[in-house]
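Heads up: the structure comes next, in structure tokens.
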Amino acid sequence: MKTQGLTQTLSSQATWPLHSVAQTQALEHEAQAALPAHTLMQRAGLAAAQLALAIAPHAQKIWIACGPGNNGGDGLEAAMHLHAWCKHPIVTWLGKDGDMPADAKQSWLRAKDAGVTFAEQPPVQFDLAIDALLGIGGQRSPEGLMAQWLGAMQRSDVSVLCVDVPTGLLADTGEWLDTSPQHHVKAKRHTLSLLTLKPGLFTANGRDAAGHIWFNDLGVTAQKTPTAWLQHSQPAHAPRAHSSHKGSFGDVAVIGGAPGMSGAAMLAALAALHGGAGRVFVGLMDEDAKHAATAAHPPLMVRDITHLALNESTVVCGCGGGDAVHALMPQVLSSSQQLVLDADALNAIARDTALQSLLKKRSPRHKPTVLTPHPLEAARLLNCSAKEVQKNRLHAAQQLANTFQCVVVLKGSGSIIASPGHTPVINASGNARLATAGTGDVLAGLIGAYLARSEDPFAATCQAVFAHGQVANAWPSDAAALDAALLAASVR
Ligand SMILES: NC(=O)C1=CN([C@@H]2O[C@H](COP(=O)(O)OP(=O)(O)OC[C@H]3O[C@@H](n4cnc5c(N)ncnc54)[C@H](OP(=O)(O)O)[C@@H]3O)[C@@H](O)[C@H]2O)[C@@H](O)CC1
Ligand SMILES: [K+]
């Protein structure tokens, strides 16, 4: 077993394994059995103290809020080091003598012996706060003193370093334990994930709660199959052969754009074009919009829907389809060679069990399908509420994928890509710039382009989702706001 692990930032690897709380606890038990007592907590505390120095090198007065369990123990260890390094840590601690885990007790004794300052209340002024209140053992909403201290950290404008998990966040799902709306985005937040990276840090509320994420494996290598993978970067596009032609990269056919909504279909089509499809056809449902669409975008081929070669195309259906798209769905589901279903196409399927049967028949016929629901659309398909979907996004995405035998992209902060037989992927790219109308249409078109040239629908979807978010990440902060038209023109 390695010695003290190294604290890393996530940009050093393209993908990262994510482990559930149960897997992390099992790993912790195995490692504890193989190491001298208290080793892991000492490593955790040292890593937290070192990271505190790195993120706030000039901080003198450091408030360390410690909970009653082993997360608090990590904080006590960190306090001991910061004290030894001539900082001024002040510990507020919720532990009770005689009623604490053995590891935390040892760290408490070490901190006391070292002369660390303990206080009943947080200092009025501090330069850095360390949240060591609850980690992966947190199962109840913070209340009383713990809730007060969390409020004080939220209100302060100094950096906060969360040990292992931001207190109150469920590490498996990214849901808050506490339903009160007190949580808001805090710019200067860091989280040091210990032993494993947990999925809840990267989806639902996790991204906002955790801020910048750091990882230290405490010198322990996780062998188990992860619960999910984090996709943190993307392989470079393979070079295109000089002898390639428009037929080499597949045909995408976009169907949608009912009267008043042709823009949605056009965004999907433009994204497919800029995403590298060989030819992009558009079957607009609004007859009156066809002429203007052709004139405005000559590279797109606007066709009558009945003239689209669905059985030879990657079809993207639903963007701006309205209720009228329902009537087209039997043919689209039966004939399309590959299919991306978005928006109104998903709503039509949710309402009609006959369409659901047609969808389920596609996979056995080797006709891949990708569904791209946002949480409400996913809820309609699963016959539950959007709140229930958000409560466990990984589970909801996998359930949808298994039910309909499709690749599923559950959109939202930390989009999830699931497929039967695959470990789900959480996408790390993207930011709130994408929270604007039409960006979902762009994603559907981009997935269409990636599917059209790939043999592997799951991998192609993961890469398209990453590429879509990456445009927002790379968007200059002083540039115009990223609207969907700019996004469609910028995707690759
Ligand atoms: N052991 C090791 O080797 C290592 C452990 N590590 C660290 O330990 C962390 C896991 O520790 P943990 O399992 O002790 O759980 P933790 O997150 O401290 O919380 C549980 C405690 O909080 C209490 N509690 C819960 N809710 C509460 C509330 N609302 N208000 C008040 N109290 C509340 C709960 O009480 P109970 O519900 O049982 O009454 C219990 O006492 C992990 O995240 C990592 O940081 C690392 O150092 C690696 C090595
Ligand atoms: K914590």
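The backbone N, Cα and C atoms fix where each Cβ goes, and this holds for glycine too.
Just one of Gly440, Gly445, Gly448 is listed by TrEMBL for the same AMP site as Lys411, Gly412, Ser413, Gly414, Ser415, and that one is Gly440. TrEMBL annotates Gly320, His374, Asp441 as (6S)-NADPHX-binding residues; of Ala264, Ala269, Ala271, Ala489, the candidate listed for that same site is Ala264. Across the fold, the C-alpha of Gly320 ((6S)-NADPHX binding site) and the C-alpha of Gly440 (AMP binding site) stand 11 Å from each other. With a cut-off of 8 Å between CB atoms and residues at least 6 apart in sequence, the same chain places Thr372, Pro373, His374, Pro375, Gly440, Leu443 near Lys411 (AMP binding site), listed in sequence order.
When secondary structure is read from DSSP and collapsed to three states, His374 ((6S)-NADPHX binding site) falls in the coil class.
Listed in sequence order, Thr203, Ala204, Asn205, Gly206, Arg207, Asp208, Gly430 are the same-chain residues at least 6 apart in sequence whose CB falls under 8 Å from the CB of Ser413 (AMP binding site). You'll find the Cα of Ala264 ((6S)-NADPHX binding site) roughly 21 Å from the Cα of Ser415 (AMP binding site). Taking CA atoms as the reference points, Gly414 (AMP binding site) and Asp441 ((6S)-NADPHX binding site) are 18 Å apart.
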